[in-house]
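Novice: I have a structure here, written as structure tokens, and I will follow up with some questions on it.
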Amino acid sequence: MPRTLAFLRHGQSQWNLENRFTGWVDVNLTEKGEAEAKKSGQLLKEAGVAFDGCFTSVQTRAIRTLNFALEEMGESWLPVIKDWRLNERHYGGLTGLNKQETRDKHGDEQVHIWRRSYDTPPPVLEDSSEFPSLNDRRYRGIDVPKTESLKLCLDRVEPYWNEAIAPAVRQGQSFIIAAHGNSLRALVKLLFDVSDDEITQVEIPTGNPLLIELDDNLKPTSARYLDEERATELPSGF
Ligand SMILES: O=C(O)[C@@H](CO)OP(=O)(O)O
């Protein structure tokens, strides 16, 4: 039975543009981000996959990217499930800081470790921070993280995959998963069985759908970015 996933990282956000660590801060898309989202929809339409539904985070930039894409596809009717477990990795005490200024202060190597190492989380977000997500109504009843490494992000993405997404895919359904650079890296690590070392090299471009076909055991049999000009390297073997 055909089963296809499209991993869609949101289009450029205001803080992608400003080069700031974002994580759980609910920044919006830029105009360029909206255009990327619309182009994703055109590419998905051309790909001709009959999707059964969509999953996204509870963050505006991913939700709006999905909505723009669905509108372009003429498929705004598709059911959408939103869940915080697809949110971006929580950037802890780095949240809001400029990435270049942080490199100038702490050095390239340390910042690379914080950004891309598998299991070294950034410093925690202090309660006094101007960016608390604890009081946000959408996170009621959730133990909001104070920081997350990619591993900690995978620790909440994986159960969501197992409980909510994988059972439907196993039945032969196809989905768009509109999420974030690091929650999608976590899913790529899981599905493609990428090593802790290799995942540090995986970069998912904004607004460029990654189309993945899966076999009966939910192992990827093919993967390609629909916007070839903006494609990045896929995990080895693909
Ligand atoms: O700031 C963030 O939340 C993420 C994604 O934009 O950035 P990075 O590429 O540094 O993980």
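Glycine too: its Cβ is placed from the backbone N, Cα and C atoms.
According to TrEMBL, the feature substrate binding site maps to 9-16, 22-23, R61, 88-91, K99, 115-116, 181-182. TrEMBL lists H10 with the feature active site, tele-phosphohistidine intermediate. Marked as active site, proton donor/acceptor by TrEMBL: E88. For H180, the entry in TrEMBL reads site 'Transition state stabilizer'.
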Novice: Please list the recorded positions from Q12, G23, E88, G181 whose Cβ falls under 6 Å of any atom in ligand 1.
Specialist: G23, E88, G181
Novice: Measuring Cα to Cα, tell me the gap between E88 (active site, proton donor/acceptor) and H10 (active site, tele-phosphohistidine intermediate) in whole angstrom.
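Specialist: Here the two Cα atoms lie 10 Å apart.
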Novice: If you draw a 10 Å sphere around the Cβ of G23 (substrate binding site), how many other Cβ atoms fall inside it, taking every protein chain shown into account?
Specialist: 26
Novice: Can you count the other CB atoms that lie within 10 A of the CB of E88 (active site, proton donor/acceptor)?
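Specialist: E88 (active site, proton donor/acceptor) is surrounded by 26 other Cβ atoms within 10 Å.
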Novice: Return the count of C-beta atoms lying within 10 angstroms of the C-beta of W15 (substrate binding site), excluding that atom itself.
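Specialist: Taking all protein chains shown, W15 (substrate binding site) has 20 Cβ neighbours within 10 Å.
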Novice: Using DSSP reduced to three states, classify K99 (substrate binding site) as helix, strand or coil.
Specialist: helix
Novice: For each of H10, R89, H180, count the other CB atoms within 10 A of its CB; which of these recorded positions has the top count?
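Specialist: Counting every other Cβ within 10 Å of each candidate, the maximum falls on H10.
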Novice: Which ones, of the recorded positions R9, H10, G23, K99, have a Cα no more than 10 Å from the Cα of H180 (site 'Transition state stabilizer')?
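Specialist: Passing the 10 Å Cα cut: R9, H10, G23.
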Novice: Within its own chain, what residues at least 6 apart in sequence put their Cβ under 8 Å from the Cβ of Q12 (substrate binding site), listed in sequence order?
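Specialist: Once residues fewer than 6 apart are set aside, Q12 (substrate binding site) is near L29, T30, K32, G33, E36, T206, G207.
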Novice: Who sits close to K99 (substrate binding site): which same-chain residues at least 6 apart have their Cβ under 8 Å from its Cβ?
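Specialist: N19, R20, F21, V111, R115 - these are the non-local Cβ neighbours of K99 (substrate binding site), listed in sequence order.
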